[in-house]
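What follows is a set of notes on a single structure, which appears directly below.
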């Protein structure tokens, strides 16, 4: 159920990153911009990681910079990492890579990164992406150029869509998307989102304990409830939802809730529906 | 050895000549180049909103993704739509008066300009059509700040004044080929591409000594204050007053 809604929302976002430049060519400016920074009829919204870069690179904290990052951070406080799970076109692409992986049987290829490798561990994945974010931000502050913007995958994807619509070509940055797609197809699925994405890292920091999140209703949360360990096998972020349902990596996609044969997992948020009501 | 290393660091810090190019400006309202590179998040909203498609994305290199206006292909028509949309303040969003834009300054090359060739050097259209002299004045006619930025000297040939904002429409429309007779030199460039390493070194020294607070009243002047003092030396407007040492004759003999 959630997956179906998610596909609809992701398709709409994917269509919009092509439709907005077309509308702008016909001088309809209701929505302008790319996924680096958008403007919905006056409401300016910018990628918080990008804003963080600009703050450190310019060495100044101005009102326009802060106000642009305010809305996405508010969404993160209320809904967690919902941007990544439900809207980000790059995760859509990564899930496409996963689908292709199943189709061509890439799962049976010799695995370089097995389950036991450290990057599969959620703690190590979190450590990697925060190290990447910190290093990139420090470098941006040192050389006064927002370097992480060069590798902002959703931003690049939407910019390339705009360039394609306007000029019928793509720029060199499209190579990054292609490289990431191939790497995710062959070596490590969801590699970018789990290990590097600076936007996701900043959004994760702002998720709150009372916002939307997945909780486990099982009595004990140390070992899997069912023998198949369904939730762990479907989680796109490589988590074990029965144990670390509230992990920073969780994108609120709802796959584990759908897959759970016992109904032990549920969304919870704003304390509208108490945890015991599901039982 | 340390001195050499210092020189290399200085060279890198001063940037390469890629920073500025003739006929390549930032969009209107852009802050100075170094701060612009820090603040611009490459969201390309300015590019998207530009109704004339003047703003172009920079290609491969350190400046990839940042907006540029290449005046030779399309100038800026000063609609000021882009400045108000910039989310980070890389383009000054308070700016909405086209006359206050400072993208650069246009410069006419009198050796190529048709009007200058015709009037100053008496070149007339010859059969080979390699050098044409004509009263063209296209730049004057297309200038958005006509009669302020480009004026007709003696009502005949175009001259660029200090009111020029560097929009580059004149460059786009200039009929000479293959080289345009008018160029836009972006703000902050100072023809660094034509100068050498020692010029840039000297420029950095000059900029260091700019701060007038460090200069004592007794010390010899340097930097900008010296320039200010030098610019004050100007004879125009004042008539020298001196007495003629001889008496003017009231009438000349034999002439009346």
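Glycine is no exception: its Cβ is also placed from the backbone N, Cα and C atoms.
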TrEMBL annotation (transmembrane segment) - matching range among A:70-92, A:93-115
A:70-92
Feature transmembrane segment in TrEMBL, mapped to one of the ranges A:42-63, A:130-151:
A:130-151
Candidate ranges A:172-192, A:193-213 [criterion: TrEMBL lists as transmembrane segment]:
A:172-192
Calculate the per-residue pLDDT averaged over the domain '4Fe-4S ferredoxin-type' (A:239-270) and state the result as an integer.
85
Per DSSP, what is the residue count of the domain '4Fe-4S ferredoxin-type' (A:239-270) in each of helix, strand and coil?
5 helix, 4 strand, 23 coil
